[in-house]
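Engineer: Reproduced below are the annotations present in Swiss-Prot:
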- 1-25: topological domain 'Extracellular' (TOPO_DOM)
- Asn5: N-linked glycosylation site (CARBOHYD)
- 26-46: transmembrane segment (TRANSMEM)
- 47-54: topological domain 'Cytoplasmic' (TOPO_DOM)
- 55-75: transmembrane segment (TRANSMEM)
- 76-97: topological domain 'Extracellular' (TOPO_DOM)
- Asn89: N-linked glycosylation site (CARBOHYD)
- Cys97-Cys179: disulfide bond (DISULFID)
- 98-118: transmembrane segment (TRANSMEM)
- 119-142: topological domain 'Cytoplasmic' (TOPO_DOM)
- 143-163: transmembrane segment (TRANSMEM)
- 164-196: topological domain 'Extracellular' (TOPO_DOM)
- 197-217: transmembrane segment (TRANSMEM)
- 218-244: topological domain 'Cytoplasmic' (TOPO_DOM)
- 245-265: transmembrane segment (TRANSMEM)
- 266-274: topological domain 'Extracellular' (TOPO_DOM)
- 275-292: transmembrane segment (TRANSMEM)
- 293-313: topological domain 'Cytoplasmic' (TOPO_DOM)
Amino acid sequence: MEPQNHTSASEFILLGLSEKPDHDPVLFSLFLCMYMITVVGNLLIILAISFDSHLHTPMYFFLANLSLVDFCLATNTVPKMLVNIQTRNKSISYPCCLTQMYFFHFFGIMDSVLIAVMAYDRFVAICHPLHYSTIMSPRLCGLLVGVPWVYSCFISLTHILLMARLVFCGKNELPHYFCDLTPLLRLSCTDTTVNKIFVLIVAGMVIATPFVCILASYARIIVAIMKVPSAGGRKKAFSTCSSHLSVVALFYGTTIGVYLCPSSVRTAVKEKASAVMYTAVTPMLNPFIYSLRNRDLKGALKKIINRKISTSS
């Protein structure tokens, strides 16, 4: 029997969203527009919250962090895909692949945890309005954001260290548009049991657990809203949560489908479609979801835009 060739791959080929070159111009134009909207939208949210003192509250502090994470999540994947399409060079070195994977998981975990933190913020605001400022103190807000940054760094680094021990021999084509964990594990010719177990543990910790916390928060919120005597009061209370619920549905609807569904029902096409949702579509839509229904944020955005126009003229 011939010994296997265990020379690890030095680079991978990202096959992208479509293997048909005819689709490239459309995909390039579409994702370039989406990325530009994502960058402008999220940076405007951050600037509006930073420069308007009326928005220096816990809710907007968490929103600014979410916008920063969304911007970074999209920047980690979309520009590389655009370069690959434009240059028709779809290769990525192994170190760059691991780096992209690290930041993808880092910002993805942050996104998940921040959305759960924002649900807790809404729970305190609606269920304990008189004690809101006491509970959501600057120290607690700092911890609710700072701890997830450290937590995300540790988990992402563990993923990379476990991945670095694997050997890739033979086929080096990834049926994806960025370096994601699951497609890479399929290419390994060594035992990936430890990696797969860690993926399941992390999925439970950073997807299932925050999602359960969100459901618990909104269960308490619904009970509190139902106790409000007037229909107008109930509508006003629920309107403060509607934007966040939309983001929850967008983000967790796709991530649960990718990381918690059995591998038997997952396909490369489904994985790529879900990845597009949470790396490109959701970061692009979040600024619109939060700003369209929020008068204070719309007012702050108008001030920034008007100031820019007056400065230019």
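Glycine too: its Cβ is placed from the backbone N, Cα and C atoms.
Given the structure is predicted, the values throughout are model-derived calculations rather than measurements.
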Engineer: Establish whether the number of Cβ pairs under 8 Å between the transmembrane segment (98-118) and the transmembrane segment (143-163) reaches at least three, counting only pairs separated by 6 or more residues.
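Structural biologist: Contact between the transmembrane segment (143-163) and the transmembrane segment (98-118): present, because at least 3 Cβ pairs are under 8 Å.
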Engineer: Six or more residues out from either end of the topological domain 'Cytoplasmic' (218-244), which same-chain residues have a Cβ under 8 Å from its Cβ atoms?
Structural biologist: 115, 118-119, 122-123, 125-127, 289-290, 293-294
Engineer: Can you tell me the CA-to-CA distance separating Cys97 (disulfide bond) and Asn89 (N-linked glycosylation site), as a whole number of Å?
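Structural biologist: Spelling it out, the Cα of Cys97 (disulfide bond) and the Cα of Asn89 (N-linked glycosylation site) are 15 Å apart.
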Engineer: Of all the disulfide-bonded residues here, Cys97, Cys179, which one's CB has the most other CB atoms within 10 A?
Structural biologist: Cys179
Engineer: Take the topological domain 'Cytoplasmic' (218-244) and average the pLDDT across it for me.
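Structural biologist: On average, pLDDT over the topological domain 'Cytoplasmic' (218-244) sits at 83.
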Engineer: Can you tell me whether DSSP puts Cys97 (disulfide bond) in helix, strand or coil?
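Structural biologist: DSSP assigns Cys97 (disulfide bond) to helix.
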Engineer: Would you count the other CB atoms within 10 A of the CB of Asn89 (N-linked glycosylation site), including those on all shown protein chains?
Structural biologist: 11
Engineer: Measuring Cα to Cα, how many Å separate Cys179 (disulfide bond) from Asn89 (N-linked glycosylation site)?
Structural biologist: 15
